[in-house]
């Protein structure tokens, strides 16, 4: 088996598709591997500031079962001889098995397609976690031996020792079967991803990143390393290649250029290679905004994925921006603002949630022009499904049919009693939410009053340990406290049917997505950063040939959209509708105000980046408003300066 310091790349791809379908025993004999090991004597190669280097002449290509824990050059030579003998035997076996493999080929391909659809070995299950940074998942994992595990992507298997988890763990896999919201799980995961997507560095332009990634995907890992790493590869070479793949290591090593750093950066490079292989490749025939418009006009089964950005124009805050909901509740003193949506915390003290729930309460029966755009797709029989992360239920106000809508995180549409399950229309508890009061279940309240009428003394008590549902009081406490009845703090509390951390996802999500990935012909991602599972992993489940278009205020670097239309969601939707003609006029009262009365005079488009295919949709009206606001602020600052005070002193408070 590989030594503790060895990183082994296994190329399980081959010219014949049948070779990939052999059973595990044969596969272990036929796989080709490339072993990365630091050069034990760097003085024999070129000296680079006396740093350790990786000599590619020490990389051995041998059958996996011939790799020993010692990795000496003598063993490598012996392994090469064994490889030649085994290759001859393999050729004879392949000739004998060729006819049988051809007969089985159709059946195997059908099984592979079914596996991809169902999210089994080849593709990820929709329940699998993605890391908290929103980076796409690399692959599932399959055991190779008792001491190793492998990661399979596009026919290339990367193997590491189980006792070295830095590379494997960076995949952020969680093998649990629960359906809890993955975002919180990932935030608490100690094995966080060691890479972050970043196109901001000046040294490497996006065009070179795209070229490097394309070569890797088209030619495989072995040829990629031969082309992009020199014969004696140093740490500098490895780091440069990581950057050239479009990633920056999250953590910097402090040990200088010693052997430990070399091995660590090799692992990070391996991780980058895996990620690139998992990223969707942009289609070469869809590159311009006109291509995007034609797709929207002609597609018949459009999947729309939406987030908080489609509702911010109505005054509903997003969650993660500097002025978003989580920033607004810092005063609660929670270790993590997301805890307001933690089920255990809600059961122990529902007051915390209801003290801030009014801030995210949806407005009464209004919706944005972007919601009208989705409704228009539905009216034209083009909407396959709208998968929304929003809990405001504004889609229903816009007229989107229930069968065309999946509310992935639940919504305020209904509310349920956490004790007896009694369900009501969500708007019934809106008055209590607006008043920062806890709404209670009428049925459980009757039970409570009935107990009180029996003359028993009642006392509200909050406990850390969650009580069972349908149990109005604790019998043990009653006996211990001489007849006193203790009601749990959350007894009979009504809770909006929002999916809290600790609750299962809506069942209709799983059913719908497994159907829709086989029907969709266009994906529109609108108003979301795609950082929260399960919605974040949908784009990775869609077949690569299906076009993907982004409509968002900011670009998303960890996904490869064919075209990105950047700007405020209402402006982008209005631009699309205006360009497609009168039959696409949005059924919203603000549509003409946004686009301008004279055929879209307020809206303009600008190409930002031809390589990334990013376009900016801007609105003159918004620009004028911003300019007026800036002028107003500038005038106020000038008045403050003339009065001899600094701006932050104007309120009488010292900075």
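Backbone N, Cα and C atoms are what each Cβ position is placed from, and that goes for glycine too.
Checked against Swiss-Prot, the range among 427-454, 455-482, 483-510, 511-538 recorded as region 'Disordered' is 455-482. Of the candidate binding-site residues, 307, 311, 315, 389, 553, the one lying closest to residue 409 (active site, proton acceptor) when CA atoms are compared is 389. Ranking the binding-site residues 307, 315, 527 by how many other Cβ atoms lie within 10 angstroms of each Cβ puts 315 at the bottom. Taken residue by residue with DSSP, residue 315 (NAD(+) binding site) is part of neither helix nor strand, so it is coil. Look at the Cβ of each of the binding-site residues 311, 389 and count the other Cβ atoms within 10 Å; the largest number goes with 311.
Classification of residue 527 (NAD(+) binding site) by DSSP places it in coil, neither helical nor stranded. Long-range neighbours of residue 553 (NAD(+) binding site) (same chain, six or more residues apart, CB within less than 8 Å of its CB): 309, 527, 566, 567, 568, 569.
Counted within 10 Å of its Cβ, the other Cβ atoms near residue 409 (active site, proton acceptor) come to 20, all protein chains included.
Taken residue by residue with DSSP, residue 553 (NAD(+) binding site) is part of neither helix nor strand, so it is coil.
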